[in-house]
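Peer 1: Here it is, the structure in full.
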């Protein structure tokens, strides 16, 4: 059973009675799983070791590293296909010849839209994975939108330890290329099978990583929509390798008040409210609950020979805690499974609450603080000169709603009293929810850095300014608009007077600050800032966090 997706409106009875068109190839059984991890027969027999069985030896076919499981959309009416001219761009930036930047290596896997390879960066020798998507296969506007959104979300979530890092997105005349961190380890279930046995404590460690991904996504305003074991890879072959979420092809930004109706996901892991076509971020919690159930007993809780049968079982919602090995599983573990698989999404536990559950907290929680994406961005912002901060504020004011969906949700999550500003306490609590362990002094430093106008709070635009820069600097049009804002007379230069005028408008225009900016940015020492100097300033200090810790992969 691969991913399924539907863009037409069906009733719950349509889905249960089997009138929804299947996206599964006719040469495969309806409940085919993309991995042979789960092939339960009636009665289901565990295909992975459970917490009470220690010697299982399964011969598994080798799994391509970083293989993306491609989604397929199901439509009742055929749409007129899009035909691309070779001169047309999808990503909105100039074509780049990928082979000038990277040397492509062996094929790792292939999906509906393209092929994933290993690749080596020519300038550094670092090794990555390259997912090449053929543009001629993107025959519908929805396909194009999905690819663009996947790139945007991966860039937005960049910097999280449990999420695969994207290096860059490139486009040539034939393909779009996503270059990302190469996970050299196996799939989650492959590691468990190879070990032969594991404990509840080990299962708690795994689900902690999964829930951490969910919590970060939700706090940052993203719904994953396709959580399953196949979409988690180990960063390396090391015993204590980090688990990484790899596929965001079905992910969307959370829109306040929106009810989602698309049927997406993978059959075993799909929440009942998805089948009812009315859902929100809680579907990710359900999927995490299914993963935990499988970790503890070896089979999914809702099983059938067919996809229609699986959906029937999900709607019924009867969970077996009586069969082996459940009598020997702790009550605390079963309690967490029940809370994650609560049928009513409004009553379902959140990721943050699940991470506080005694069964998870009772385990060996990692001592190492997580340097979250938000925190790393704010640290970079703190180190910037005043002109750069001001330029980012100008850019933030010009961004569209589409471009800042996730950040808007994150601001709302931090602004707990809904005042429209973030106080010191709200910033401290918000960063703590993202896993950061900062001292009072460090939080105060970040607060002072983000509070551009110095009024003691961070307003919406200041927050966007301090957090959006990490993944927006390849957008030349934003940088050019910011330059034009300062260059009032359109001379092609920012003069001392123009700089003073703009900085005073934002309460930053003391003489020392202006001289400091000119001295730092004006590299040709002519007393003014040209566009090239401005661009160099905007792009300085932008690095790919975490990359050096795991690359190159040998």
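Cβ coordinates are placed from backbone N, Cα and C, and glycine is handled just like the others.
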Peer 1: Have a look at 365-395, 396-426, 427-457 and point to the one annotated region 'Autoinhibitory domain' in Swiss-Prot.
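Peer 2: When 365-395, 396-426, 427-457 are checked in Swiss-Prot, region 'Autoinhibitory domain' belongs to 365-395.
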Peer 1: Pick from 131, 135, 141: which one does Swiss-Prot list with 108, 109, 110, 111, 112, 113, 114, 115, 116 for the same ATP site?
Peer 2: 131
Peer 1: Please report how many Å separate the Cα atom of residue 417 (Ca(2+) 1 binding site) from that of residue 226 (active site, proton acceptor), as a whole number.
Peer 2: 32
Peer 1: Around the Ca(2+) 1 site recorded as 415, 417, 419, 421, 426, what other same-chain residues have a C-beta within 8 angstroms of the site's C-beta center?
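Peer 2: Not counting the recorded site residues, we get 414, 416, 418, 420, 422, 423, 457.
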Peer 1: Given the binding-site residues 419, 421, and counting only Cβ atoms in the protein chains shown, which has the most within 10 Å of its Cβ?
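Peer 2: For the binding-site residues 419, 421, the Cβ with the most other Cβ atoms within 10 Å is 421.
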Peer 1: Once the DSSP letters are reduced so that anything not helix or strand counts as coil, what is residue 426 (Ca(2+) 1 binding site)?
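Peer 2: Note: residue 426 (Ca(2+) 1 binding site) is helical by DSSP.
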Peer 1: Within 10 Å of each Cβ, count the other Cβ atoms and name the one among the recorded positions 226, 415, 417, 426 with the highest count.
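Peer 2: Counting Cβ neighbours within 10 Å, the top one is 226.
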Peer 1: Just the number: how many Å between the Cα atoms of residue 415 (Ca(2+) 1 binding site) and residue 226 (active site, proton acceptor)?
Peer 2: 29
Peer 1: Express the predicted model's confidence over the domain 'Protein kinase' (102-360) as a mean pLDDT, rounded to an integer.
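Peer 2: Average per-residue pLDDT within the domain 'Protein kinase' (102-360): 89.
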